[in-house]
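As given in TrEMBL:
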DOMAIN    A:7-101  domain 'Acyl-CoA dehydrogenase/oxidase N-terminal'
DOMAIN    A:222-349  domain 'Acyl-CoA dehydrogenase/oxidase C-terminal'
């Protein structure tokens, strides 16, 4: 249905990204990459770097394009739409967080590296399960293992963690710092993952570049980064709705297209409502997520809605498509797996909802920040 | 992204709030109580309230200045509606928000000159006469007949679910002028004063306490000048009016969620750490997300109207989301309260001020009024996705 929020330049960013991906991404390609040793093509990564995708929203000071979070989110939306797996989302999330928490030029070397094509990934467990505690030579970490996308392929690993004493820390280490603590694990979707056991590890002092970051600032930096994932899920949901509608017109049973059966029509209409709701909230949150705006609650709401809607639409799409949608010959199987994996990467549903309750109902953040 | 709500819109809202805050508290409180009891029809206080707004130039925010409006965009009109719904005060309902705009698009110059000034003055209240005992969702099968007799039509039949029929000054009436088998191509639309000879209104009381009516038409004579659009071409105006109607569902779910929050605060659950508190917080967290989505479905429709487009599938999505969410908040809110939730509204002991229980009883109409949600889903499939009919 009608989108009403994009400017002309943004529409152009979206169209360019879509055309680029359409040129080579289809189900066969996605299957090949998923089975390949690295999970993505370095040559495509180079091309995306040349297009400025991983630095579109970074300041010109480090070589970025000085764009906005919206520009970055439109690129992740198109990747989500194509079900395209690559280290881009993690790199963009890492860059977004570093840019937000940097005092002056704290992370300029890393950001400049990202502009130059370095892959980065972010360790910031959504359920705050890993804690840091100040020790003589740095910060000791404790907590259960976490899973991190694309760590094995990354050059930099960004950590944003709460400390026992006070505030949050920001740190950057090279990806080879973890040794046997990082173990490749299969992901349910086509992204790559490691299981990372940080318990007992000491982050050396020189790696920890930000300390005493307030919980509010850390939360907002992460919420902005997570909007990029929300946008990817919105793109995925949109593609699933469109494919399902196309299929309902093409597939005939009982002498008529599926789209003539009211039960199917109602499924499709519910999918439209789910995808539209997620998109509207994601766009609203992106609009409001200016640096320093502290619009954490609405950004978190957008992340929740995007995960919920993406899952809702893939479940119904599988029903509309029947058997064909479950085969590895159909791109729907990538969306199906990606929807759940991406939703789970936001952490536990109950924790997210209680957080939303705190932000939206108790603290009325969306109300204070906007209208009601 | 394009800024939908800029400084102009925010200062408009501030101005509106300051105006509403300055109104006579007695007028506001009595209007609010009346509106909460039965929001679908402005009665004694609601009429007084709307006339006050009209006198102060606050009705018809997006109406063109030539019709006495403020000439602002649909975005300001949306803000106006949201703010009044947020305060549970009437905002002109169907008369101002549906009949007026439809008349602007489909009425003759004489009709516009006759009705629009009186609508924007708060003088007129319209009731809508579409449904009949045998024509509900299948409105095109309606049987109330209007027969041409010189310069007049003579109307006979029965209408059902005419909400506000007993307080309305005028009737927005769909009647058959063509053949029954012509269905929607044989329907014309008329305006007739509610006190015209031959009109009898009988009350229907619903479970939530809201009133609606049956309207009997017995040789009612309507001048041909009061026909909206050409003979047998009333359907376009009906569709137009229904699309406006489906965009005027707004901020009530937020208000209902706040009633639940009041109760949870009293119980120590709003920020508690117990299992019950966690259960409540999870439920309310999801409702709060859905309330924000509700705001944005309405804003999308307003933005389209501001761009000169008429939302169709978008209006259907808005109406479905709004009604289902409100019902869900009332129903699951009572689940969180437990046995005390069975205390009826009106009792000082009713939790959440009795609003969730009252809302739940009122809620069926939210899902079928203004076109059933099932028909809305079909419209999204047709208009939004291009499915075959």
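Note: Cβ is positioned from N, Cα and C throughout, glycine not excepted.
TrEMBL does not curate its annotations; it predicts them automatically.
Here the domain 'Acyl-CoA dehydrogenase/oxidase N-terminal' (A:7-101) has, by DSSP, the following mix of helix, strand and coil residues: 67 helix, 0 strand, 28 coil. Here the domain 'Acyl-CoA dehydrogenase/oxidase C-terminal' (A:222-349) is broken down by DSSP into helix, strand and coil counts: 103 helix, 4 strand, 21 coil. As a whole-number mean, the pLDDT of the domain 'Acyl-CoA dehydrogenase/oxidase N-terminal' (A:7-101) in this prediction is 96.
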